Amino acid sequence: MLIKLPRSSECKASEITPEGIYLSRRTLLGGSLAGLALGALPGGVGAAQMSRYADVQAGAAPAWFTDKLAATRWQAVTVKDEAITPFKDATHYNNFYEFGPDKGDPAANGDSLKTEPWSIVVDGEVRKPGRYALEDFVKPYQLEERIYRLRCVEAWSMVIPWLGFPLAQVLKQVEPTSSARYVRFETLKDPQHMPGQRSGFALIDWPYREGLRLDEAMHPLAILAVGMYGRELPNQNGAPLRLVVPWKYGFKSIKSIVRISLVAEQPGTTWEGLAPDEYGFYANVNPTVDHPRWSQARERRLPSGLFSPNVRETQMFNGYADEVASLYTGLDLRKNY
């Protein structure tokens with residue numbers, strides 16, 4: 001079934017933004033297809049998609065991903081009147097501290113990560129726990145293209161065309177017990193292939209961890225992504241499996257997931273543990289609640305530059321208020337930031 005989320009979630013195929021432009025949180029941490037060939041295009045992709053992905057660098061997609069592309073629901077969810085971020089920006093300006101603190105480190109060091117074979121553990125308060133090879137984990141689900149805004153806590157933003165499937169589909173399949181209230185996610189811990197994990201980042205207790213309330217995780221906008229820009233995820237963008245929660249700040253969208261646990265109590269998360277006064281558990285995009293060191297009322301839409309800063313007003317819930325505000329009825333969003 002094609003998800004139709006009108007009102008605030010619509011966009012044109014020619015209008016997507018590159019994910020390569022992020023401000024650094026080194027202040028906290030440091031203190032302690034150059035043209036896709038026609039044959040490589042996914043099945044059913046027409047002239048609009050060819051033009052849209054003209055700058056995408058071809059990857060080396062695993063067979064399971066290539067097989068699933070033919071049945072992809074293109075533009076299942078879009079945004080309105082906003083440009084898609086250039087692929088090079090989206091893949092060469094990233095926060096992924098497992099590969100280093102600088103924005104270029106993930107692209108420079110990401111090739112060291114081996115994403116095949118890959119497995120995911122699902123455990124905790126579920127009736128059907130298990131360890132799954134990635135190709136088996138994704139097999140039941142049809143890929144959808146979700147064109148989402150991405151808003152970083154550092155006050156920059158982009159628009160990204162993801163390929164993935166609703167997280168809710170996975171959760172329903174593993175059958176949460178009545179005790180399940182939260183979902184906890186964990187990134188791979190592999191210092192041999194993730195140099196940032198063996199460097200001077202003593203402040204981070206690896207592996208990286210994130211969490212959602214169960215009702216947030218079940219919302220149809222929350223997805224597990226395996227691709228972007230019509231191809232598989234590059235390593236620096238969270239290959240081979242990442243979370244995307246578009247109404248929350250980007251650090252909630254955990255990358256390179258190896259474990260999904262359903263739990264009864266609110267899980268500890270990495271950034272909240274490092275600086276709870278700066279990074280809350282909810283991390284909903286909220287222009288009325290500032291970061292202690294900068295305003296969240298406005299954002300730089302990337303790409304931007306000295307003479308074209310491209311600054312705009314930040315929208316509540318990153319523009320998805322119509323869809324998600326009801327999740328937080330009665331919750332003090334200033335206290336629960």
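Cβ coordinates come from backbone N, Cα and C, glycine included.
Annotated signal peptide per Swiss-Prot: 1-54, in sequence order.
The Mo-molybdopterin binding site feature in Swiss-Prot is assigned to N94, Y97, E98, C152, T187, N237, R242, S253, I254, K255. The Cβ of I254 (Mo-molybdopterin binding site) has 25 neighbouring Cβ atoms from other residues within 10 Å, across all protein chains displayed.
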The record lists N94, Y97, E98, C152, T187, N237, R242, S253, I254, K255 as binding Mo-molybdopterin. What's the largest Cα to Cα distance among them, in Å, rounded to a whole number?
19
Local Cβ density at R242 (Mo-molybdopterin binding site) - other Cβ atoms counted within 10 Å:
23
I254 (Mo-molybdopterin binding site) - helix vs strand vs coil (DSSP):
coil
What three-state class does DSSP give N94 (Mo-molybdopterin binding site)?
coil
Would you find the one among the binding-site residues N94, T187 whose Cβ has the most company, meaning other Cβ atoms within 10 Å?
N94
